[in-house]
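Enquirer: Quick one: this structure, given as structure tokens, is what I'll be asking you about.
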Amino acid sequence: GIGADNDLYINQAIVFIEDAIQYRSINHRVDSRSLWLYRWYYSRTCQWILSLTITVILALAFIEKPSSLTITSDVRYRVPAWNPPCGLTESIELLCFLVFVVDVSVKSYLIGWEEFWKNKWLMAYILTLIVSLTDWIVSLSFFCTEHVRIRRILRPFFLLQNSSMMKKTLKSINSTLPEMASVVLLLAVHLSLFTMFAMLLFARTKDGQQDKEWVRYFRNLPDSLTSLLVLLTTANNPDVMIPAYSKNRAYSIFFILFTVLGNLFLMNLLTAIIYNQFRGYLLKSVQSSLFRRRLGIRAAFEVLSSLKETHANAQESHVSTGALLRVLHKVEMDSRCKQAIMRSLKMCSCDKLSAAQFQKLFEEVDKDAIKQHPPSPEYQSHFMQKMQFAFGHPYFGYLGNVVALANIVSICVVLVLDADKQPSERDDFFLGAINCFFIPYYLLEMLLKILAMGLKRYWSYPSNRFDGLLTVILLVLEIATFAVYGFPHPGWRPEFMGLLSLWDMVRLVNMLIVFRFLRIIPNMKFMALVVTTLLDLVKNLRAFAGILVVVFYAFALTGIMLFKGAVTSFYIKKVVVLSSKEKYDFMALFGDFQAEIFYCLLYLLCVNLICRWAKVYFVAWWLISSVIWVNLFVALLLENFIHKWDRRCHRESLSDIEYQRTVELMFRDVLEEPTEEELMEKLHQHPHLQLCR
């Protein structure tokens, strides 16, 4: 009936608006049952369960054999790690796989089979699940004794496919690869030519004493190529040139030319190309996101204009404000945006909205999130007004910064004086006495600021929250120190009591004091700009960090499978010019998943190549992490900073308003609005929605 149709149109509009807010595609089933399933799937509970499942399956690598559940990774000191019995982690894996099977089934059903066959990500999702389940069955059939587990390397895919921004980023990187490949090829030519020059220049001579360069670095083609590749990363500079330079100073010209051409020109050229190309592709990606948002809003307008309401003989489609209000009450969106749209709707005197008016209402979603600080309290007393003026003035904050600097300097002086003393000779009195003066001042400063600004206004500033929280922690630690060890006095070195020794508690307090000194950042305009740029990267460019996690994870597990045991046996059989400690340290690199990530791959991110047989693995890691990924991060850092700088130059600073940015808003000024024809053409191509016009 008419009522059922109207309810369906309302529900369709709700889903389309939610799709627009989240930049989701509207190409999904739109019947009543499918809409209920769609909203259930994208509900917070379901998405939380899916995120938890992805986290759990990725975290299994830390407890699976070889387990990372030891305090130290040093093979000399660590106790045997607890390895879970066969079937425990496999059971958890199976539960995760079942969640993923439900996930892919729901997604496939909602988009329809025609769209399913066009969706490469869903096809890859199903293939990954099939391979993982097959490998899981093989693992159980061998009673978990097999060393190669393909499904472990495939796990990061589940993280990748669940993030639309990560998929867009990966697509952008993929589109940029041809331009990157041209510079990488140029780098390869550069390396090859200089390798040939080096082998000719440092060839073996009759005098063995003069052949140190040949013996150490250029004995054969693989060694020569490796030596120059590592020099390109500056990891073996100046070691690689010292034997040749000792023999003849003129040899330095070869290394200078190689470094200048490789590092200063080609590597920076790669950064420039990546910045230029990747910015263009990211812009296209953000443009498509804007199109999705406008399309979702327009789809909501079209279905609402189809409502069976009275007197709808107008030439143009319209939506009644009452219908839109019904939709807005049920839509899940940011309360700030919802209230702003409702306010605009009440201010509008018309009963019906055209397509342009409807679209304009929802432009509120695109705007910067603006945070206004609560007002300061209004005191009646003249004395309190003077107090408020004095302690609310910026100069009072500057005084606090000077006191914090004095605290840092005094700590530095004491640390320098005590640097060479034995623990038994050290006197903790001075650091304790310093803290007795400065921490009460910090508490007094915080209370006076609250008095001047009011608690709500004080707490609304992130810098004040940071400062106040650290002050309270410092006060609690100081009271705990006095309660356990008494007040400071000369020769203050009591015996160990409680959870921490006196020295540990004093060190903890002083580390927090040093950390608290970061409060000066908001007072230094340029430094604040740099820090907010970095914070924006952390908040808004999580997709890049996610892909980096994917790469780390896959390489770490590949390294464990390739080199587990092989590295240890290699160094037991060979006599290597390493100290005993260095040998054990290196043997620990591939011991388990955590050691692989934190010691090996992070170390190689800055780059040191180790084993001859592992060169392909390490060079691939260096190319992906240091050459490509670091340059991508630099490109995005530049992009974000330039946009922030432009806004800083064109906008007056507003003391009571804080602006926040999203990736989409970085490009807001250069994005093009889709035309009416483009939107309607796309809507008519919808596989499940039949429009009345």
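Glycine residues also receive a Cβ, built from the backbone N, Cα and C atoms like all the rest.
From TrEMBL, for reference:
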- 41-63: transmembrane segment (TRANSMEM)
- 53-278: domain 'Ion transport' (DOMAIN)
- 92-110: transmembrane segment (TRANSMEM)
- 122-143: transmembrane segment (TRANSMEM)
- 180-203: transmembrane segment (TRANSMEM)
- 251-275: transmembrane segment (TRANSMEM)
- 395-641: domain 'Ion transport' (DOMAIN)
- 395-417: transmembrane segment (TRANSMEM)
- 429-448: transmembrane segment (TRANSMEM)
- 468-487: transmembrane segment (TRANSMEM)
- 499-521: transmembrane segment (TRANSMEM)
- 541-563: transmembrane segment (TRANSMEM)
- 584-610: transmembrane segment (TRANSMEM)
- 616-638: transmembrane segment (TRANSMEM)
Enquirer: Give the nonlocal contacts of the transmembrane segment (429-448) in its own chain as ranges (CB under 8 Å, at least six residues past its ends).
Expert: 387, 391, 396, 400, 403, 406-407, 410-411, 414, 467-468, 471, 474-475, 478, 481, 487-492, 506, 509-510, 513, 516
Enquirer: Quickly jot the same-chain residues contacting the transmembrane segment (180-203) by Cβ under 8 Å, restricted to those at least six beyond its ends, or write none.
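Expert: Counting only partners 6 or more residues beyond its ends, the transmembrane segment (180-203) has Cβ contacts under 8 Å with 213-214, 217-218, 221, 224-225, 227-229, 232, 244, 251, 254, 258, 261-262, 266-267, 269-270, 273-274, 277, 623, 627-628.
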Enquirer: Restricting attention to the domain 'Ion transport' (53-278), give the mean pLDDT.
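Expert: 84, rounded to a whole number.
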